[in-house]
Ligand SMILES: Nc1ncnc2c1ncn2[C@@H]1O[C@H](COP(=O)(O)OP(=O)(O)OP(=O)(O)O)[C@@H](O)[C@H]1O
């Protein structure tokens with residue numbers, strides 16, 4: 001009996017011992033989990049608080065404060081790590097991956113994160129974000145604050161890149177516009193996936209940086225002699241040019257005041273017949289040519305491309321040629337979509353076609369990667385690229401295919417769109433590989449908050465140039481709308497417009513003057529914008545059934561088909577393009593005289609860009625919105641965008657009816 005009792009006791013003991021061990025293992029795991037979760041939460045708080053939730057405050061705090069906060073956070077985490085004193089157990093790659101997934105935040109985590117943030121003394125308590133403030137104003141004011149507070153600190157790129165590391169982790173999470181359309185959604189998803197590719201950061205030491213010239217601008221006598229009052233008057237007459245930042249050169253009014261080469265002058269005035277400069281060109285060209293970083297905000301179709309292209313070509317020409325072993329580029333132009341990148345590349349080729357010393361390569365997603373690689377290997381002074389493809393190329397062959405060491409000029413075109421599509425992480429990574437003293441310019445039709453936080457990290461003492469900030473819709477675009485009471489009525493109206501008629505406007509409402517005759521006489525193309533791929537396919541079918549040919553493009557179609565349809569649309573007279581909003585920016589087909597917005601756009605910026613596909617250069621055009629009764633946000637955007645006389649002449653908008 002005794003033996004049995006002893007055996008039972010020892011069994012119980014070993015069972016208890018086993019349980020104790022299990023409990024200890026579980027506790028260890030739990031502590032480890034909590035510590036990592038805490039760490040992840042804190043990271044999230046830092047990035048969110050800096051970047052997404054309270055963008056205005058980030059600037060009030062300034063770079064120094066940000067760095068201080070990060071230091072504090074690091075210390076806190078170190079303390080926390082010591083407290084929990086857990087040695088990371090050896091885990092397989094697979095289990096590590098699993099753990100990472102399990103740390104993803106749910107709604108409760110967000111609330112928890114917010115409360116931790118409130119308790120965290122490391123961060124300043126800051127006022128609520130003021131939606132009424134112009135982000136550009138806030139940005140430029142914040143620069144002044146920084147200038148004062150950072151007299152002792154130079155623009156330390158290394159530290160800024162530390163902050164960038166956090167931003168990369170954020171992976172575009174702050175983008176409120178993502179998902180507006182199926183196309184946008186797909187692109188942003190791809191952008192997020194591609195953001196996982198990492199390029200190696202390059203830390204340039206001052207000694208290894210080859211000197212290069214940025215300032216090429218010599219003010220002509222006529223410009224120098226202008227008094228301050230004359231400059232002010234000129235800026236007012238040039239669509240109310242608004243300048244922020246110090247040391248902006250005076251605007252120019254003639255191409256000859258820019259010191260351009262004879263070849264370029266012949267091309268601009270003799271071949272392209274650009275008799276005068278557009279307002280953005282008048283001000284941005286001297287500013288960029290004098291080596292300054294510039295933010296250019298100007299409506300669509302206002303000639304922004306030339307505003308950065310001419311200074312870029314000047315800078316590239318002045319540099320040492322690429323050696324046999326160097327691939328280049330010297331200048332990098334980033335654009336949000338393939339179509340825009342191709343278009344910019346075409347424009348570059350226009351200006352460099354006969355000049356063998358400047359080769360340019362367009363790198364966008366699609367099937368032609370092999371050719372792009374071959375072209376890059378031969379050397380290219382200018383690369384026009386979409387951010388995702390550029391990262392692909394930078395990471396190829398362990399980063400040996402293309403070197404960024406000689407990039408001295410970076411341009412971000414359609415910057416608002418780049419950010420809408422969630423490309424911030426890629427651009428941030430690309431910037432880490434480029435020398436800190438590069439010249440950097442950013443062009444956009446709008447300047448949303450998310451762009452501001454990026455601009456403050458990347459641009460150095462920029463000049464911001466805003467053209468006609470009050471009315472961003474091109475004044476050559478006649479804006480109209482039609483209230484429809486059902487989808488069928490909407491489609492019926494679309495058919496009537498597509499047939500070139502203007503009967504769809506009831507008596508007493510605005511007429512579409514001249515649309516019919518325009519369509520018959522010359523090449524007057526039309527673009528129909530819809531909000532998703534599905535609607536695009538549906539309307540395409542319905543139009544075909546109604547005997548109307550419309551070339552359809554959306555991100556779900558194969559690249560070759562998109563390209564072919566775009567080509568046909570460009571080539572054929574009076575053709576119609578049916579597309580999703582993904583093409584609403586940057587597409588430059590000068591013959592487009594009519595834009596039909598079939599599904600109400602979601603944001604003002606989107607409206608500005610979409611209507612901007614017509615009235616290119618000095619032409620005029622019409623934008624018609626077909627609005628359903630319940631599309632109130634679309635109606636609100638129209639009240640913001642349309643000029644008073646256009647609004648008075650039109651049908652009352654739904655919002656007004658309900659009030
Ligand atoms: N000074 C000028 N005079 C007349 N036409 C011009 C001038 N500058 C550019 N253009 C033409 O105007 C059109 C629009 O120019 P561009 O594409 O540069 O505009 P953008 O502001 O970049 O538009 P988006 O924002 O839509 O990309 C082009 O066809 C271009 O060739």
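Heads up, the Cβ atoms here are built off N, Cα and C, so glycines get one too.
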Annotated motif 'Q motif' segment (source TrEMBL; candidates 193-222, 223-252, 253-282, 283-312):
253-282
Any idea which of 40-59, 60-79, 80-99 is down as region 'Disordered' in TrEMBL?
80-99
Could you give me the DSSP helix, strand and coil counts for the domain 'Helicase C-terminal' (511-659)?
65 helix, 28 strand, 56 coil
